[in-house]
Structures are given as structure tokens and as C-alpha cells.
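Engineer: Got these off Swiss-Prot a minute ago, pasting:
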BINDING   49, 52, 57, 73  [4Fe-4S] cluster 1 binding site
BINDING   114, 117, 120, 154  [4Fe-4S] cluster 2 binding site
BINDING   124, 144, 147, 150  [4Fe-4S] cluster 3 binding site
DOMAIN    32-90  domain '4Fe-4S'
DOMAIN    105-134  domain '4Fe-4S ferredoxin-type 1'
DOMAIN    136-164  domain '4Fe-4S ferredoxin-type 2'
REGION    1-26  region 'Hydrophobic'
């Protein structure tokens with residue numbers, strides 16, 4: 001047999017041996033994750049924005065599982081907070097003061113200054129920025145969560161975070177908060193004829 005064939009066979013056998021060894025080790029030393037953390041993470045919006053004070057949604061889910069409050073996710077809003085509270089069996093609370101006091105903002109790219117580097121596209125966790133290399137980029141404001149992660153990587157500083165103004169499309173009407181007075185109907189007397 002040639003030395004080349006022997007080397008190939010030997011390396012194949014070594015790769016097979018170490019593959020089986022790694023597979024066995026992966027099964028033997030598998031670390032089971034906390035299933036509640038996985039459920040909490042599935043509820044969170046996965047923007048990885050850090051507005052909750054944690055570096056991403058997974059660390060915040062782990063903190064909630066360890067007893068942290070469920071009202072720290074501004075992009076998720078009240079609906080996410082209520083789902084988290086029901087899963088954890090705690091009373092829903094209003095969003096924390098920081099989340100409520102923040103005016104919703106969206107990214108705005110000054111397109112005449114954009115060099116098309118795509119760094120903001122790569123940084124956006126929700127794919128709210130569209131564009132291509134060496135072409136200008138723009139933000140889909142309906143999809144932007146205002147996480148601010150696209151501002152820092154921009155080399156020409158052409159991204160601003162602008163507050164979203166109230167208009168008919170995004171106004172919070174609070175229809176369930178309008179006071180309604182129920183009037184009981186009194187029975188009418190039958191007409192005598």
C-alpha cells in the first residue's frame with residue numbers, strides 16, 4: 001500500500017473515533033436548560049435591544065425566571081408583559097417608569113450622507129433597514145422598534161433617532177377607559193284599551 005493511502009485511512013479512522021467520542025461526551029455531559037427560560041424567551045420580542053437593562057432577550061428571560069420583574073420590555077409593550085406575568089403566575093404591573101417615560105423613537109437615515117456600508121443593516125435585530133452595499137439605506141418605520149442598535153456602528157453618523165409623533169394611525173384611543181353609564185330600562189305600563 002502506498003503511504004498516501006495509509007495516511008488517508010489513518011486520518012479517517014481518527015476522525016471517526018474522535019467524532020464518536022465527541023458524540024458520546026455531548027450526550028453524557030449534556031446540560032439541561034431551564035424550560036421556563038425557553039418559554040419566557042419565546043414570548044419576548046427578540047429585538048436584543050438591551051432597553052430592559054440586560055444584553056438581550058435570553059439574559060432577561062433568565063432574570064425573570066430568577067425573580068426579576070416582568071415589566072421591563074418596552075418593545076414588547078403591555079401585551080408581552082401580561083403574557084410574561086401569566087406564565088410566571090404574578091400580577092401584571094404597568095411598564096416600569098423608564099419604559100413609560102420614553103417617547104417611542106424610530107431610526108431615520110439621512111440618505112444623502114449614507115455611504116451604503118450595510119453596518120446598520122447587520123446591527124438591526126428586526127430587519128427594519130433595507131438597502132444594499134454601496135447604495136443608500138432606508139428604515140421601515142413600521143418595523144423599527146427604536147432599539148438604537150443601528151446608530152453606533154454607522155461610520156458616518158447619518159442615523160438619527162426621531163420621536164414618533166401622534167397621528168390618527170398611531171394614537172392610543174383608550175376606548176376601554178371611556179366612562180360608560182348603564183341605564184336600567186324600566187318596564188312600561190301596558191296600555192289599557
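We count from 1, first residue shown onward.
The backbone N, Cα and C atoms fix where each Cβ goes, and this holds for glycine too.
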Engineer: Near the domain '4Fe-4S ferredoxin-type 2' (136-164), which residues from the same chain, at least 6 beyond its ends, have a CB less than 8 A from one of its CBs?
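Structural biologist: That would be 45, 47-51, 74-75, 103-111, 113-130, 170.
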Engineer: Using all protein chains in view, find how many other C-beta atoms are within 10 Å of the C-beta of residue 73 ([4Fe-4S] cluster 1 binding site).
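Structural biologist: Result for residue 73 ([4Fe-4S] cluster 1 binding site): 25 other Cβ atoms within 10 Å.
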Engineer: Sequence gap of 6 or more, Cβ distance under 8 Å: name the residues on the same chain that satisfy this around residue 144 ([4Fe-4S] cluster 3 binding site), in order along the sequence.
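Structural biologist: Listed in sequence order, they are 106, 107, 126, 128.
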Engineer: Under DSSP, is residue 52 ([4Fe-4S] cluster 1 binding site) part of a helix or a strand, or is it coil?
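Structural biologist: Residue 52 ([4Fe-4S] cluster 1 binding site) sits in coil per DSSP, no helix or strand.
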Engineer: Between C-alpha atoms, which of these binding-site residues comes nearest to residue 57 ([4Fe-4S] cluster 1 binding site): 117, 124, 150?
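Structural biologist: When the Cα distances are compared, 124 comes out closest.
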Engineer: Sequence order is fine: just name those binding-site residues in 49, 73, 117, 120, 154 with a Cα within 10 angstroms of residue 147 ([4Fe-4S] cluster 3 binding site).
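Structural biologist: Matched binding-site residues: 49, sequence order.
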Engineer: Between the binding-site residues 49, 57, 117, 147, where is the Cβ count within 10 Å the lowest?
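Structural biologist: Result for the binding-site residues 49, 57, 117, 147: minimum number of other Cβ atoms within 10 Å at 117.
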Engineer: Would you list, in sequence order, the residues of this chain other than 124, 144, 147, 150 that have their CB within 8 A of the centroid of the site's CB atoms, where the site is the one recorded for [4Fe-4S] cluster 3?
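Structural biologist: For the [4Fe-4S] cluster 3 site, the extra neighbours are 47, 49, 107, 120, 123, 125, 126, 128, 129, 139, 145, 146, 148, 149.
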Engineer: From the DSSP assignment alone, can you count helix, strand and coil residues within the domain '4Fe-4S ferredoxin-type 1' (105-134)?
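Structural biologist: DSSP classes over the domain '4Fe-4S ferredoxin-type 1' (105-134) add up to 5 helix, 7 strand, 18 coil.
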